[in-house]
Each structure stands twice: as C-alpha cells, then as structure tokens.
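The following features are taken from TrEMBL:
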TRANSMEM  A:7-29  transmembrane segment
TRANSMEM  A:83-105  transmembrane segment
TRANSMEM  A:110-127  transmembrane segment
TRANSMEM  A:163-191  transmembrane segment
TRANSMEM  A:212-237  transmembrane segment
TRANSMEM  A:249-274  transmembrane segment
TRANSMEM  A:286-307  transmembrane segment
Amino acid sequence: MNPRVVLSFKLAVLAGLVLFPAIGSSFYVELVAKILVMSIFAMSLALLVGFTGLVSLGHAAYFGIAAYTVALIAPEYEAANLWFVLAASVLAAGAAAFFIGLFVLRTKGIYFIMVTLAFAQMAYYIFHDTALGRSSDGIYLNVKPDASLFGWMPFNLDEPLHLYYFILAAMVAVFVLLAFVLRSPFGRVLAGIHSNEHRMKSLGYATQRYKLAAFTLAGALAGVAGFLYAVLFGFVTPDYLSWHQSGNVLLMVILGGLGSLAGAVAGAFAFIGLQEMFSDWTKHWQLLMGLVIVAAVLFMPSGLAGLPRRIFRTVNWGEDDE
Amino acid sequence: MDFTSFLIQILNALQYGLLLFLVASGLTLVFGIMGIINLAHGSFYMIGAYLAFALTSLTGNLMLAIVLGIPLAFGFGALLEKLLFVHLYKRDHLQQVLLTYGLILIFEELRSLTVGDDVHGVAIPDLFSASIALSDNLSYPVYRLVISVVCIALAVGLWWLMQRTRLGMMIRAGSFNREMVQSLGVNIDLLYRTVFALGVALAALAGMLAAPISSVYPGMGGNVLIISFVVVVIGGIGSVWGALVAALLVGFADTFGTILLPELAGLAVYLLMAVVLLWRPEGIFRKG
C-alpha cells in the first residue's frame with residue numbers, strides 16, 4: 001500500500017478520536033478511553049511478540065504491578081501528585097520486567113511462553129489475598145491524582161474530558177515513541193533478532209542484552225497502561241494480573257496482525273468492540289469470543305491487519321509494495 | 001511439628017505431586033511429540049472433574065463414573081484432535097496459543113451453561129471412605145492413599161507403554177523424526193491422535209480422582225494448567241520421567257511451602273521454578 005495513504009488513514013483515525021467526545025455520550029467516551037488504554041497495553045506487547053519474536057503470555061503482571069503501585073502509594077483521601085505516581089508506577093513495572101526478564105530470557109520458544117505465564121502467576125499471588133494486596137476484592141483509588149506541576153495545574157483529571165484527552169495524548173506518545181524506537185538502530189537489532197538470532201550473535205551483538213532491554217521497555221509501557229487503567233476506573237483488583245488478562249492482550253496483538261503498531265491498536269478496538277457487543281447479547285459472551293478466535297485461527301491466519309491488504313490486493317488498488 | 005503430622009504432610013505432598021504428574025505427563029507428551037503448546041489441557045482436567053460429578057449423580061458411584069468417564073474422555077480427545085488440533089501441527093506457537101486459548105473460553109462457558117457456576121461436592125465411594133488412625137487425634141483418609149496408589153500404577157503403566165510396547169516405540173520414534181517413521185509405513189496421523197487422546201484421558205482422570213477432595217468449581221482448570229506448565233518446565237519438555245520427578249518436587253514445595261511460609265503460600269512453587277531456570281534453563285531431564 002502507498003505509505004501516504006497509510007499515513008493519511010492514521011491521521012484520519014486520530015482526528016476522529018480527537019473529535020469523538022463532541023458526538024459520543026459519556027458512556028462511549030469512557031469506553032473509548034478504556035480502548036485507548038488497552039491500545040497502549042497491546043502496543044507494549046507488540047514490541048515483544050511482533051517485533052522481537054518473544055511470545056510473552058505473562059504481560060498482565062507489569063500492567064497490574066503499575067496499577068497496584070499507584071493504589072498503594074496514593075494517600076487514601078487526598079490526591080497524589082500525578083507526575084510522581086506515574087513515574088513510580090512505570091518504574092515499578094519496568095523494574096519488575098527487568099528482574100523477571102533475567103530469568104525468563106534464559107529460555108526460548110514454548111518454554112518462554114510457559115515461563116512468562118508462570119512468573120505472571122507468581123506476581124498474581126503476591127497481590128491476591130495477601131497483606132500487601134489487602135484483600136482479594138482489590139483496593140479503591142478514591143481520589144484521582146492531581147496534575148499540578150510547580151503550582152501550575154495544566155488540566156484536571158476529575159473532568160472526564162480532561163482524562164480522555166490525557167489518555168489519548170499518552171496513547172499517541174507511546175505510539176510515536178515505539179515507532180521511533182523501532183526505526184532506531186536498537187529497533188533494527190530487535191528486528192534482526194526476530195528473523196535470525198544466531199546471525200545477530202555471530203555479527204557480534206549481545207542479543208541477550210537487547211532482548212532484556214526490549215522486555216524491560218515493554219514492561220514499563222505496560223505499566224503506563226496499568227497506571228492509566230487504575231486512574232480511569234478508580235480501583236485495582238488482582239484480576240488485573242490474571243492470566244486471562246495476559247491472554248486477552250495477546251489476543252489483541254494477534255487479532256491486529258503482528259509486526260505493526262497500528263495493528264495492535266486495531267486489535268484493541270476489535271477485541272473490546274466484540275466484547276461489548278457480545279456481552280450486550282448474552283452473559284455467556286466468552287463462548288462467542290472463543291468461537292471467533294477459533295474461526296480466526298482456522299480461516300484468517302494473517303490477522304485483521306492482513307485483511308485490508310488482502311482486500312486491496314484483490315481489487316488491485318494502489319501499488320503493491322510487497 | 002511432631003512426627004505424625006509430618007508424615008501426613010509427606011503423604012499429602014506425594015498425593016498432590018502424583019496427581020499433578022497425571023496432568024503434566026499428557027501435556028509433556030503432546031509438547032514433546034507433536035510440538036504443540038496446548039493451553040486447553042487444564043480444561044480437560046476440569047471436564048474430567050465435572051464428568052465425575054455428572055456421572056456420579058447419574059450412577060450413584062464414583063468408581064463406576066470413572067470407568068465410564070475414561071473412554072468418554074479418550075473419545076473426546078480423539079475427536080478434538082481430528083477436528084481442530086490436526087490443523088495446528090504446521091502452525092507457529094502463537095497460533096497454537098490463540099486457538100487453545102479460544103477453546104478454554106468455549107469450554108468454560110459450556111460448563112457454565114450446562115452445569116452452572118456453583119461449587120459441587122462429589123462423594124467418596126463407601127469402600128474408601130474410612131480413615132486410618134495414626135495417633136489419638138490424627139488420621140489419614142484412605143481415599144487419598146488410593147489416589148496415590150492409582151497414580152503410581154499409572155506411572156508404571158505409562159513407563160511400560162513407552163519403553164516396552166510397539167506403540168511406545170513408534171511414539172518415541174515419531175518424536176525424533178516424523179517423516180522417517182511415516183515412510184516406514186507407520187500411520188503417523190493415527191499415532192498422533194492416540195497420543196493426544198491419551199493425554200486428554202490422563203488429565204480427565206486426574207480431574208475425576210481429585211473431584212471428591214477438591215470439589216468441583218469454575219476456574220479449576222486454570223490453576224492446574226499453570227502448575228502443570230511449571231512441572232513441564234522443571235522436568236524438561238517431552239520427558240515423562242522428568243515430569244514425574246518435577247511433579248513430586250512441586251508437590252513437596254507447595255505442601256511444605258504452605259506450612260513453613262504461610263504468608264507466601266502460593267509462591268514456593270514459582271521460586272522452585274526460578275531456581276531450576278538459573279541452574280538448568282531447559283529443565284532437569286531435557287531430552288535431545
């Protein structure tokens with residue numbers, strides 16, 4: 001596809017997201033805000049799965065650790081400083097990813113999938129029904145953080161619209177950051193590891209360090225998502241770290257098609273859109289979701305992002321760059 | 001801790017570890033021979049437990065339920081392989097994860113639709129409902145001993161099947177070189193289907209045996225799946241012997257972790273896995 005067409009499509013989607021609160025009701029504004037948060041989460045995992053070839057089935061750990069960090073350090077009835085709790089949550093998630101990465105990156109392939117899942121379950125048990133996690137029902141974050149910076153308050157997160165635009169800005173920032181990282185020499189090395197790690201090693205790259213850096217960055221960015229999720233809904237529960245959460249975000253990445261940041265965002269929209277639609281019809285919505293997933297694997301191996309490419313190719317529209 | 005309660009904990013650890021072995025052995029065989037990561041394996045344990053519940057209410061006896069349930073589970077596994085898993089052999093791990101995750105959602109909802117979300121108990125058969133008195137106020141239930149004995153018998157049977165029969169020989173050969181075995185005239189599709197169905201039957205049997213102890217509840221498959229993954233990681237993919245040793249290690253780590261460090265009850269198993277990863281990242285008994 002023509003890169004200009006792609007860019008103008010992305011900008012059109014962004015414009016739609018900026019203008020959305022003008023037409024959407026408050027219910028849909030909150031829903032789209034939730035999808036934007038999950039887009040950040042999905043993009044952070046796409047860095048590992050799509051671009052480095054590391055299939056992590058435990059990414060919810062970093063999401064949940066960041067969410068618990070803000071809930072635990074924020075004072076109970078006062079507003080915490082947004083910038084301080086944001087930095088602390090992201091640091092906690094990144095540090096956890098670095099530490100767990102030291103262990104899990106010793107393995108490959110099927111082992112890596114199982115070990116990331118197991119470590120995430122370990123993180124789950126740290127917060128589930130322990131003194132630290134307080135109870136298995138979770139913790140309320142009663143007051144939204146205060147955005148003031150040296151006495152100046154640029155926006156107020158108590159306003160749903162301000163919160164929406166703050167989340168949208170974070171999503172765009174993560175998108176741009178990751179796009180930049182992937183084009184940098186560091187990102188090229190990750191792509192090299194994805195296609196042939198042995199060759200990268202023999203070229204003299206310490207691939208293990210690159211993988212650890214990618215794992216840590218992905219964990220920190222998942223932390224951004226977890227932080228925003230906690231602020232958006234005002235509570236955290238151990239379910240944020242559950243393996244279903246890890247499975248769902250992996251689904252978003254795969255549904256969107258691997259190897260594209262926009263695909264991860266599309267996957268988040270598709271997954272939560274389907275979830276909302278199905279749960280409107282029946283409380284057994286996971287049955288329909290499961291059937292969609294099984295059908296998608298059997299009949300649509302290249303994911304959602306592959307779909308427009310296939311359609312464009314069939315109607316022979318624009319030049320084909322493959 | 002006095003000697004008697006120590007003995008009880010050792011028996012509990014053994015019983016838990018042996019039960020885990022039944023689940024993990026199927027998982028490790030399917031991994032090792034077909035190269036498939038199957039997240040739905042925990043669901044087979046859950047299905048087994050619910051099968052025990054349904055068939056016990058129907059027939060009035062757990063032992064009869066198990067006898068009926070094993071062929072049902074085996075047939076179910078063979079059908080599932082024929083319809084779905086056969087398409088996964090040539091796909092990458094990611095698509096295997098995706099499809100089997102979808103299956104978990106489907107199985108959980110079908111369970112919720114047919115049996116509901118309540119916790120159900122399953123009665124221990126009268127024959128094994130007694131307890132053995134170990135001291136004045138401590139006793140050990142016979143049924144738990146029966147589970148351990150059945151699991152040990154199955155472990156020996158599995159060893160015999162893999163090492164001493166023609167089928168086992170073909171399975172071992174098939175895990176090394178699929179094409180070669182095929183060109184020697186072995187029906188490899190049928191062989192794979194048998195191994196997969198065997199794995200399903202073993203997991204379901206573990207669920208059926210565990211049903212009276214743990215009762216039958218939603219989400220029981222997920223916990224077992226993750227612990228079985230830990231067992232396979234520690235033991236090494238494809239090694240039945242490794243799965244046995246690792247399952248016993250996990251059983252002891254979990255039981256004694258809960259006693260010695262009650263604050264960190266859930267963590268001991270994962271700490272054990274972390275240590276093994278530092279020591280031997282490919283598992284203790286990795287083959288090939």
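Even glycines carry a Cβ here, placed using N, Cα and C.
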Cβ-based contact of the transmembrane segment (A:163-191) with the transmembrane segment (A:83-105), 3 or more pairs under 8 Å:
no
Below 8 angstroms Cβ to Cβ, which residues of this chain, lying six or more residues outside the transmembrane segment (A:110-127), approach it?
54-61, 64-65, 68, 96, 100, 103-104, 133, 238, 241-243, 246
Using Cβ atoms and a strict cutoff of less than 8 Å, what residues sit near the transmembrane segment (A:212-237) while being 6 or more residues removed from its termini?
30, 33-34, 37-38, 40-41, 43-45, 47-48, 51-52, 54, 56, 59-71, 85-86, 89-94, 96-98, 100-102, 104-105, 136-142, 144-145, 157, 163, 167, 170, 174, 177-178, 181, 186, 190
